[in-house]
Amino acid sequence: MMRPIVVKEKQIHVVEDEVRQAKTMDRDIVKHAMKQSFAKLNPKVMIKNPIMFVVEIGFIITFILSFLPSHSSSVPGWFNITVSLILLFTVLFANFAEALAEGRGKAQADSLKQSKKDVFANVVKENGDIVQVSATDLRKGDLVIVKQGEMIPSDGEVIKGLASVDESAITGESAPVIKEAGGDFCSVTGGTMVVSDEITIVITSNPGESFIDKMISLVEGAARQKTPNEIALNTVLTSLTLIFLIVVVTLPIFTNYLGFQIDTAVLVALLVCLIPTTIGGLLSAIGIAGMDRVTKFNVLAMSGKAVEAAGDINTIILDKTGTITFGNRMAHTLLPVGNETIEQVGKWAAISSVLDETPEGRSVIEYVKTKSISYNREIAEQGEFVPFKAETRMSGVDLQDGTKVRKGAVGSVIEWVRSQGGTIPKDVNQKADFISKEGGTPLVVAVDNRIYGLIYLKDTVKPGMRERFEQLRQMGIKTVMCTGDNPLTAATIAKEAGVDEFVAECKPEDKIAVIKAEQDKGKLVAMTGDGTNDAPALAQADVGLAMNSGTTAAKEAANMIDLDSNPTKIIEVVGIGKQLLMTRGALTTFSIANDIAKYFAIIPAMFTLAIPQMEALNIMKLTSPLSAILSALIFNAVIIPLLIPLAMKGIAYKPMSSNALLGRNLLIYGLGGVIVPFIGIKVIDIIVGLFI
């Protein structure tokens, strides 16, 4: 017997409301785009798109000719006005495509503005007094206390406390994230809300410079800068337009020599059909839509250039922890060395971790607790904490009695112990190798000049990583894993995950060296990062994807920011970049291929009366010369709105080699660009023939 499916009425209403709001927003965007289509007819706006500007000039000329009597004209009076209207709609359709793409960005900006409500901040003055001021009066360096239920007034970094923060206004993710002082996860964003506990933050941006302000200005696209590839393609298309313009302008000289004249409206129609109006009308929309697709992935691109660069990436540099593995390295077991005991290792491991707020440090405390190993917490709390640094690759505590306790990478701690005059137990490297071969991370525990044992930190490779790296390999992209682990651990993880290369015991300067080495080979490099120590490498990379949960320095150095703080998203970003480039290339191919059919429609129509042999080119058997010209023009106009969904969504992309992609696109959009207009123009000709 089947059980009835019960759905709460409230849930149904919520879903219905969301669907209704989405439909309303889409309708509003379309209405706004239609209005903007006419507003963009302003020549000052149109001249930014030379191809469509030529079409607009053609509309003006034919429109004026419609009201000027001409006894020498060989075409009826209605022909000029019909041509002018078709040209007007051609321009309007192109404007609509651009306005529609811009409208989606503005809709996202409007939703972001909702998070910029008037909020007040509890500012801590130098004398300790707390004063409530408006968020707009905050300046960089101000100290602010944010309590449970309060909105974070501006961008900042946590310097005291720990709290759960709801970032759904920025990321769309409802689950709160933990923000705490110290480390790489101290950054908070204005417009987010503290849902538990209390934190003290230092403001890192002045009014108008916050993260949300930057997001709004970027997604609105009001001052969108064209990318280098877009400029280059636009230059080529403009050059083609200029060449065809010269051809059409000089054509009457030759026709006069042959003893017949061509009407101005026919010449304008010929020019419009020859120039690449399809891609000219969709070029801006493709670029804006590419930025929009990245934004929908919750990635903020600082420029269209960054998105395009992602499509040309040859090498991706990935951190092991948190990207390839889950990053939750936990203490798995303790391994004593020499004649030491587990209790001794556990005692000193715990003392070195009492003040260590990292997940690894906390896991050591939890592990020691589960094993009921006793240690003196008080002496650790009274000591001076030595934080982990990428340069030293170890952390610990200096106790008040002068004892120095350290835990860290095998090589670093061994070197430190030797510098203290100590000796190294014979089984240290043996046990470290055992942990590494298991795919774990060994941390050596030492006190002054004596090594007590190792902590076995265990991490797990994320499922599906091998398949994703194989897809990148098919795309011709090399993957390089950078990790602070020793070579054995790095090799084990690299083999399991399926990366092409790895760099073990990697320091921040090593990442920069890897990036420069790849760039010296003429390759474009992408990398992810979240810490201040990643900032130089993020700035050096062609595509630097910083995590929103990371430090301000990392986000300022990168040219993309992932609002979900998911490092593996760099793979999706590369796919979106390739999709953008492929869409532009495919529609350019389609647009130029269209011209072949238009030649067979318009050329015979223009010259058949003077040169009867030209009738042989009328392979579509179009009804009449006037019908042929109008059919070609109508197809030229109608194809633009028909291709808007493809320009906005992007063409389907599957991981494959560049040669395979080129062959596939030439077959679909090259051959398709030849066949479709033959069919379309013929169908339109049949319909037009019924009226003339």
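Along the chain as shown, the residues are counted starting at 1.
Placement of Cβ uses the backbone N, Cα and C atoms for every residue, glycine included.
Swiss-Prot lists 50-70 (among others) with the feature transmembrane segment, giving sequence analysis as the kind of evidence.
Residues or ranges marked as transmembrane segment by Swiss-Prot: 77-97 (among others). Only residues 6 or more beyond the boundaries of the transmembrane segment (77-97), in the same chain, are considered here, and those with a CB under 8 A from a CB of the stretch are 33-34, 36-38, 40-41, 46, 49, 52, 55-56, 58-59, 62-63, 65-66, 263, 265, 268-269, 272, 277, 280-282, 284-285, 626, 629-630, 633-634, 636-638, 640-641, 644, 647.
Positions annotated as transmembrane segment by Swiss-Prot, on the basis of sequence analysis: 240-260 (among others).
The annotation transmembrane segment is assigned in Swiss-Prot to 266-286 (among others) on the grounds of sequence analysis. Outside the transmembrane segment (266-286), and at least 6 residues removed from its termini, the chain residues within Cβ reach (under 8 Å) are 49-52, 54-55, 58, 61-62, 75, 83, 87, 90, 93-94, 97-98, 100-101, 230, 233-234, 237, 240-241, 244-245, 247-248, 251-252, 580, 583-584, 587-588, 590-592, 594-595, 598, 601-602, 605-606, 629, 632-633, 636, 639-640, 643-644, 647-648.
Sequence-distant neighbours of Asp319 (active site, 4-aspartylphosphate intermediate) (same chain, 6+ residues apart, CB-CB distance under 8 A): Met481, Cys482, Thr483, Thr528, Gly529, Pro567. Swiss-Prot lists Asp319 with the feature active site, 4-aspartylphosphate intermediate, giving sequence analysis as the kind of evidence.
Contacts of Met394 (ATP binding site) defined by a Cβ separation under 8 A and a same-chain sequence distance of 6+ are given as Val386, Phe388, Arg406, Lys407, Gly408, Ala409, Ser412, Val413, Trp416, in order along the sequence. Swiss-Prot lists Asp356, Glu360, Phe388, Lys389, Ala390, Glu391, Thr392, Arg393, Met394, Ser395, Lys407 with the feature ATP binding site.
The Mg(2+) binding site annotation in Swiss-Prot covers Asp530, Asp534 and is backed by sequence analysis. The Cβ of Asp534 (Mg(2+) binding site) lies under 8 Å from the Cβ of Pro508, Lys511, Met527, Ala546, Gly550, Ala554, Ala557, each on the same chain and at least six residues away in sequence.
Remote same-chain residues near the transmembrane segment (600-620) are listed as 255, 258-260, 262, 266, 269-270, 273, 626, 628-629, 631-632, 678, 681-682, 685 (criterion: CB distance under 8 Å, separation of at least six residues from the stretch ends). Taken from Swiss-Prot, the feature transmembrane segment applies to 600-620 (among others).
Annotated transmembrane segment per Swiss-Prot: 628-648 (among others), in sequence order, evidence recorded as sequence analysis. Long-range Cβ contacts of the transmembrane segment (628-648) within its own chain (Cβ-Cβ under 8 Å, at least 6 residues beyond either end) map to 79, 82-83, 86-87, 89-90, 93-94, 96-97, 100-101, 104, 266, 269, 272-273, 277-278, 281-282, 285-286, 289, 292, 583, 587, 590, 594, 597-598, 601-602, 604-606, 618, 620, 622, 677, 680-682, 684-685, 688, 692.
Annotation source Swiss-Prot lists transmembrane segment at 672-692 (among others), citing sequence analysis.
Spacing of Asp356 (ATP binding site) relative to Asp530 (Mg(2+) binding site) is 19 Å (Cα to Cα, whole number). A helical conformation is recorded for Asp534 (Mg(2+) binding site) in the three-state DSSP classification. Beyond its flanks by at least six residues, the transmembrane segment (50-70) meets 41, 43, 77, 80-81, 83-84, 87-88, 90-91, 94-95, 234, 237-238, 241, 245, 264-265, 268, 271-272, 275-277, 280-281 of its own chain at Cβ-Cβ distances under 8 Å. Residue environment of Thr392 (ATP binding site) contains 17 other Cβ atoms, counted within 10 Å of its Cβ in all protein chains.
The number of other CB atoms found within 10 A of the CB of Ala390 (ATP binding site), across every protein chain shown, is 16. In the three-state DSSP assignment, the secondary structure recorded for Lys407 (ATP binding site) is strand. Cα of Thr392 (ATP binding site) to Cα of Asp530 (Mg(2+) binding site): a span of 19 Å.
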